[in-house]
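Below is one structure, written out as structure tokens; comments come after it.
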Amino acid sequence: MPDIPVSQPVNPGCDAPVGVFDSGVGGLSVLNEIRQTLPNESLLYLADCGHIPYGEKTPEFIIERCLIIADFFHGQGAKALVVACNTATAAGVAHIRQRYPDWPIVGMEPAVKPAAEATRSGVVGVLATTGTLQSARFAALLDRFASDVSVVTQPCPGLVELIETGDLVSPQIRQLLQRYVEPLLAARCDTIILGCTHYPFLKPLLREMLPARDTLYWSSDIPDNFGKILPFLSQMSGNVRSFRL
């Protein structure tokens, strides 16, 4: 995707769409939450498929992609932006907000707070990308909400690429997911955070692998996050348009 000049929204009014982006299909899990919360809202969805996965890229690269994509949505007149990716939020959302300080922006973060509050064993597991787990933003979440519990983190390289194939029950994805889940089970985690928006697509497989008592959490309070931007939203046509890069 070529660099897109920074421009003012062509239609900043309440009838403008909300922009949503991720590196691939993972953000569709967020898009579904938005559709349930705001069923009549018009949405633009962008999948940056040419640069997937974000999770193993450098922060500098992710920041560059985030700004290019934000410029695109801003130029399309989006009235708000949803960064539907934990890794992109960790690396890039602050830079987008710096460029567009008056633009409502919602990011995704691992659900550390509810998981830490819910654990009975005192051990919380996190499945996420390397980029998310190594970020200062994730470290700050742990310091703020999980200082009284033990947190076991598990990077999951290769998982996003397998999810992108669309075969969510293949032997390959089952084997890789089992390998990543086993350390969490060995550590007695009873709450597990899905720290990537791709991972909710694997909930059925995870339910097979985890004890029935274990609880899954993913990007925290998505509907609540929209409370921050609801004044800018309206009940419009409910159209969804998508872009692939």
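For all residues, glycine too, the Cβ spot is worked out from N, Cα and C.
Residues or ranges marked as substrate binding site by TrEMBL: D22, S23, Y54, G55, N86, T87, T197, H198. What TrEMBL lists as active site, proton donor/acceptor is C85, C196.
Positions of the features from TrEMBL, shown on the structure.
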residue: D22; record: substrate binding site; contacts (Cβ under 8 Å, 6+ apart): L28, V30, L46, A47, D48, A84, C85, A88, T197
residue: S23; record: substrate binding site; contacts (Cβ under 8 Å, 6+ apart): A47, D48, C49, H51, I52, P53, Y54, C85, T87, A88, V160
residue: G55; record: substrate binding site; contacts (Cβ under 8 Å, 6+ apart): T87, A128, T129, T130, G131, T132, C156, P157, V160, C196
residue: H198; record: substrate binding site; contacts (Cβ under 8 Å, 6+ apart): G24, V25, G26, S29, L159, V160, I163, E164
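The substrate site, placed at the center of the C-beta atoms of D22, S23, Y54, G55, N86, T87, T197, H198, has further neighbours from the same chain whose C-beta lies within 8 angstroms: G24, G26, G27, P53, C85, A88, T129, T132, V160, C196. Among the binding-site residues N86, T87, T197, the residue whose Cβ has the fewest other Cβ atoms within 10 Å is T197. Residues D22, S23, Y54, G55, N86, T87, T197, H198, recorded as binding substrate, reach a greatest CA to CA spacing of 12 Å. Note on C196 (active site, proton donor/acceptor): other Cβ atoms within 10 Å of its Cβ, all shown chains, come to 32.
In the three-state DSSP reading, D22 (substrate binding site) counts as strand.
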